[in-house]
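Novice: As annotated in TrEMBL:
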type	residues	note
TRANSMEM	37-60	transmembrane segment
TRANSMEM	66-91	transmembrane segment
TRANSMEM	103-123	transmembrane segment
TRANSMEM	181-205	transmembrane segment
TRANSMEM	243-265	transmembrane segment
TRANSMEM	277-297	transmembrane segment
TRANSMEM	304-324	transmembrane segment
TRANSMEM	330-353	transmembrane segment
TRANSMEM	374-391	transmembrane segment
Amino acid sequence: MNESDRPSPKMIQAAGWRERLSRGLFRSLRQPNYLRYFVGQGVSVMGTWMQTVALSWLVYRLTGSAALLGVVAFLSQAPQLVVSPLAGLLIDRYDRRRLLISVQWLLFLQSGLLALLTLTGWIAPWNIVMLAGCFGVLNALDTPLRHALIGSIVTDKQDLPNAIALNAVVYNLARFVVPPIAGALLGLTSEALCFALNAVSYLAIAQALRGMELAPPSAATARSAAGFGEGLRFARGSEPVRLLLGLTLLMNVTASSYVVLVPVLAKGVFAGGVGTLGILLGSSGCGALASTAYVALQKTRRQLGSKVVLGWCAVSSGMLVLATSHSLPFGLYATFALGFGISMANVATNSLLMSSVPDRLRGRMISTYTGIRFGMDAVGGLIAGSAVSAFGLSPTLSVEAVLVLAGLAWCLARRGVHHQPLALEN
């Protein structure tokens, strides 16, 4: 071999880096389109969490109403129940990248208006409610689009479960890091800054998407409204899919509502303020980050099925502690366990579905999943906020804990179904 043909030390080092990357937690980042998306997504979700914390604190600061917290959370998520399934038809029929870029610009306008109203002092409960509803409709398009786009940009389908989990890792890293930062900012300045930062963050994902070249939907994939029934028939015809979607519904209508109640816990139970709010949400984000990183390392579908069960165990533990304890250290454990378990179960479910569904149904299936996942969050938040106003915090959490334990019993009784092949390749 000539001297000139020998690889340089830098080439050898780069090859070794790629080899380690191909086997580890970040193996899906080998794919350029996904790497670009990953970076833009990271910036975007940091902005989203900044706005989430600021908006919940703004509502509670202006009104002191747990019920209104539930209403705002409901309007931010409820359109998922109606819009997401219809969005699935658009996702399967049109260019996902162009659709997602358009949605980012609309979200930019929504957050910018929220920042402007807050900065000028014109913000009020009625326009918060209106803007929360606008965000809910746009988010119902944005969420399934982002999920489905991963299936298009990850060309090596062996990496798809890892890419889905890494997507959740980014979300939960922001969930862990951003709330304490947002809490500190809220102690120093107006909520308007948080809303403005979120508006700018949408431009990051839009810019990342601009550089991608994706194949357009095939003729077989681009179906009309008649294709909506195909997705429903598919979900009804698979016992594992029915179980996974049923468990997702139950968890997110009960346990996930704790997020809406965190301002009430911070102020009413733990006698704290915005700093306590940030710490509790940060603890939840830490648990979610740990669980999603763990799921990203799993390499078989059987391992993913067992993680659904493990997630339910963690959620049950967290709800029991949250319902019975009035100590901040126990509250931090409870929010950690809830963040860990909810994220683990949801990410494992998402990975099981997305890694098996045919591309022609991917938009409709992920839209069904996100509609249940986030739509039931909205329903649960509305119920929880209203129940706290009517009956108090402790009885509400106790009832939710009982329902979560019932879900755990169901999950354990049917745990063998998680390991059945989904048989979606036809």
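Along the chain as shown, residues are numbered 1 onward.
Any Cβ shown, glycine's included, is placed from N, Cα and C.
Remember, it's a predicted structure, so these values are computed and weren't measured experimentally.
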Novice: Can you tell me which recorded stretch out of 103-123, 277-297, 330-353 has the most Cβ pairs within less than 8 Å of the transmembrane segment (243-265)?
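Specialist: The stretch with the most contacts is 330-353.
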Novice: Which range out of 103-123, 277-297, 304-324, 330-353 gives the transmembrane segment (181-205) the most CB pairs under 8 Å?
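Specialist: The stretch with the most contacts is 103-123.
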Novice: Mind checking which residues reach the transmembrane segment (330-353)? Cβ under 8 Å, same chain, six or more beyond either end.
Specialist: 147, 160-161, 164-165, 168, 172, 175, 240-241, 244, 247-248, 251-252, 255-256, 258, 262, 265, 269-270, 279-281, 283-292, 294-295, 298, 301, 304-305, 307-308, 310-319, 321-322, 365-366, 369, 373, 418, 422
Novice: Any residues 6+ beyond the ends of the transmembrane segment (103-123) with a Cβ under 8 Å from its own?
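Specialist: Answer is 44, 47, 51, 55, 58, 62, 131, 134-135, 138-139, 141-142, 145, 190-193, 195-196, 198-200, 202-203, 205-206, 209.
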